[in-house]
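Notes follow once the structure below has been shown.
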Amino acid sequence: MKSNYDIQEIFRDAVSGNYRNLVVIEGDYREPLLEFIHEYLKVERNPSTGYYFHPWAQGSKERLNWIRSVLTTVTDIDYSSSERYLGSTFDLSIIDAVDDFRPSYAARAVETVRGGGLIILYTNRLEEGKLYRDTLTRDGKVNNLFEERFRHKLLSHRGILYWNDGELIVRPYSSSEVSKPKRSRKGKYPELAKLCKTDDQVKVLDEIDFLLEEGKKLLVVTAPRGRGKSASVGLALPLLISQSKYPLSIVVTSPTYWSGAEIMRFSEMSLKALHKRFRKVISRDGKILSLEIGESRIRWLPPELARDQHGDILVVDEAAALGKEFADYVLRRWNKVALVTTVHGYEGSGKIFLKIFDSYDGEHDVQRLKLDFPVRYGKGDPVERFLNDAFLLNADATEGEDLNKVAEVDVRSLFEDEERLASVYGILVTAHYRNTPDDLMMLGDMAFQRLFVAENNAGVAQVVEEGGLSQEAIKSIAQGEENLGHLIPHRLVKYWRLFEFGELRGWRVMRIAVAPALQGRGIGSKLLREIEIKGEGEGIDWIGSSFLASYNVIKFWAKNGYIPVHVSTKKNESLGGYSVIVVKPFSSAAKEMSSRVSLLLKDKLLRTSHQVYFNLDPRILAILLKLTPPASNVTISDLYVKKLRAYLEGLLPYNSVAEAVHLLGEKYFKELRFDVDDVSLATLISRTFQGKSWYHAGVSLGLTSSQVEQRLKDTIALILEKYQLS
Ligand SMILES: CC(=O)SCCNC(=O)CCNC(=O)[C@H](O)C(C)(C)COP(=O)(O)OP(=O)(O)OC[C@H]1O[C@@H](n2cnc3c(N)ncnc32)[C@H](O)[C@@H]1OP(=O)(O)O
Ligand SMILES: Nc1ncnc2c1ncn2[C@@H]1O[C@H](COP(=O)(O)OP(=O)(O)OP(=O)(O)O)[C@@H](O)[C@H]1O
């Protein structure tokens, strides 16, 4: 490998300056890959941990064997299990992107490397292999705008080593531009401060006792990725136990159990440093699930269980990933809560979440802690800078004035205007919790998408064409084949056996978002209107969307005349919700089919709310049931009416009349003769249809048990009165 640069010198400077080395190899990769590892090993003779990160693509195992010939201590991880390594720190990370470059996975692999460590991403060609991914390509058509931009960033950033077909391109960086993590504060707990890497972490130790103060307390800990949030909160939790007058039950939760593992691991370290006796329960793969200290306990539980537990303090790690509704729910149930979250990262942005908690005016007193200094590498690390720019992790919505106009925008011209791209993509980053670098790739590379932007970059919608499927394609879906590129037809053909729907042509609004400061002013609706006019003009049968159910978002689609046709039958645990599909039909065939399937959905929701949908927010169920079309009439016998009256007068308890309440509810939702507000209907749904206790019905609605029962009685009385049933 010939080069004009002294590669060892570059590596040495990074080691002394505690910043990361990123090498990207494109083209003929074997020789340079081994050579770069070799050069690095001359600088860092004994890297203790390296990992090889690869897709299950052909040949990746063989390539691993080459790497093992020069580097024996390498762990092999496939793309899909990468999540479990997010909290770890490695010396070396080698990313196989041959025929499969996925920005979100690559970002994960880069993040786990410490300052002075080496990251190598190698590929035959960045855009190779996308043709086989049906979310990105249609009929072999795909753009390469993301990769072209990525390459441009590789060339323009300092400190990145880009090997392109036999030539090394590097713009030098210097260790003098990086400041190393330092800890100068001893803080209130010097024996624990010693375990901290930065003063920011010591600050968390010093402030944690805020949670023990009298009353409802909310601690919000935020930072960009890799600032040691989880570790510092973990170190701090045992302090709460030592300072409390009573035994404490602390529950820790996080979207996946790997992301909570760091907190538990550091809590154990802290207990040891404090010389506390404790017992621990570990999982089969060695992660700590529970620490028992006398009568006190710190334990990790999955979000679904954690939120309804009885305990003193709830700690939510990666809280933004669980969404605002989860946070609202736990704040209604728990008096003492710590929300720990990433502001901008690869796993989704916490910006919108932060904005919400910056103006929090609930019952809890709030304390905010921000961690700024990275723990894995120095401040000024060129790789962090590069990734922020290449993946637009910090992009912000410009929030300019709304000019009342929506235009269809050509994606290529958007990618040629860096400032506009950042502000349009910034809308997605700030408005959606779960934006990841793959979304930027989707924006650039999906050749079959249409992009609509509200003028002045106030809102954006990505639309993809779906349907028009051949008989053969429909048959294969019916027999169980996935077809991610045609999501709405897929769901209606597979789950509702409505094969004819596959032939219709539609547009799916894949994403729609409005700059946070401008939401609720009609911009989203205007975007939809423009899309509908364009779509109808082009003769499509329907427009629809599939999204994670949230009350506000469903209301938005409802307001714009969309009807629900499908609700997933399993809650997506890591995203914390059910997905809903809504459509607006244009052609008569689409009108007939969507109304038929929507009626079936109503039936399913009514009959299975106690089993399939027992976990769905009852306000969402209420609104879905109201949006499906009216069905057959339901007769209620006079004896049932008498029973209901007796309940309202306090002569019979709820359990004695539950079947009559159920029938009355069924009558309401099937006939839909008049409107009743969502919260009133939600009391009926959560108690009578989902079978929740008064207590749990109350928690999900922010009411006390007796308020729920009173509201239910009022709802029954209102429905009886409207139907003139006496
Ligand atoms: C496929 C998908 O992408 S679905 C995901 C949708 N996107 C998101 O959740 C990102 C965050 N939210 C947003 O970007 C926007 O609020 C959107 C796109 C949902 C709606 O756009 P907006 O311009 O805010 O909506 P618009 O003003 O036209 O309509 C307001 C209605 O939407 C609903 N709504 C949903 N979210 C909001 C919100 N944050 N603020 C105000 N209204 C909201 C309300 O029902 C409201 O009607 P109401 O005022 O009568 O109660
Ligand atoms: N005080 C510390 N001593 C040793 N290692 C630490 C310390 N703090 C953090 N680390 C390590 O640094 C890495 C990042 O820490 P942590 O997971 O707490 O960061 P985070 O801010 O929660 O970031 P992420 O967004 O990656 O979850 C982890 O591998 C962790 O083990």
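Note: Cβ is positioned from N, Cα and C throughout, glycine not excepted.
TrEMBL annotations: computationally assigned, not manually curated.
Positions annotated as ATP binding site by TrEMBL: Gln201, Arg376. Annotation comment: TrEMBL describes 446-587 as domain 'N-acetyltransferase'. Among the features that TrEMBL reports, acetyl-CoA binding site is placed at Ile512, Ala513, Val514.
Where TrEMBL records a feature, it is marked here on the structure.
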{"residue": "Gln201", "record": "ATP binding site", "DSSP (3 states)": "helix"}
{"residue": "Arg376", "record": "ATP binding site", "DSSP (3 states)": "coil"}
{"residue": "Ile512", "record": "acetyl-CoA binding site", "DSSP (3 states)": "strand"}
The answer for which binding-site residues (Arg376, Ile512, Ala513) have a CB under 6 A from ligand 2 is Arg376
What are the helix, strand and coil residue counts for the domain 'N-acetyltransferase' (446-587) according to DSSP? 53 helix, 46 strand, 43 coil
Which ones in the same chain are close to Gln201 (ATP binding site), with CB under 8 Å and 6+ residues apart in sequence? Arg183, Gly228, Ala231, Ser232, Leu235, Leu371, Val375
Listed binding-site residues adjacent to ligand 1, that is, members of Gln201, Arg376, Val514 whose C-beta is under 6 A away: Val514
C-alpha spacing of Arg376 (ATP binding site) relative to Ile512 (acetyl-CoA binding site), in angstrom: 36
Once the chains shown are all counted, how many other Cβ atoms turn up within 10 Å of the Cβ of Val514 (acetyl-CoA binding site)? 26
In the chain carrying Ala513 (acetyl-CoA binding site), residues 6 or more apart in sequence that have Cβ under 8 angstroms from it: Ile427, Leu428, Ala431, His432, Gly459, Val460, Ala461
Between Val514 (acetyl-CoA binding site) and Arg376 (ATP binding site), how far is it from one CA atom to the other, in Å? 35
Other C-beta atoms that fall within 10 angstroms of the C-beta of Arg376 (ATP binding site): 23
Let me know the model's mean pLDDT on the domain 'N-acetyltransferase' (446-587). 93
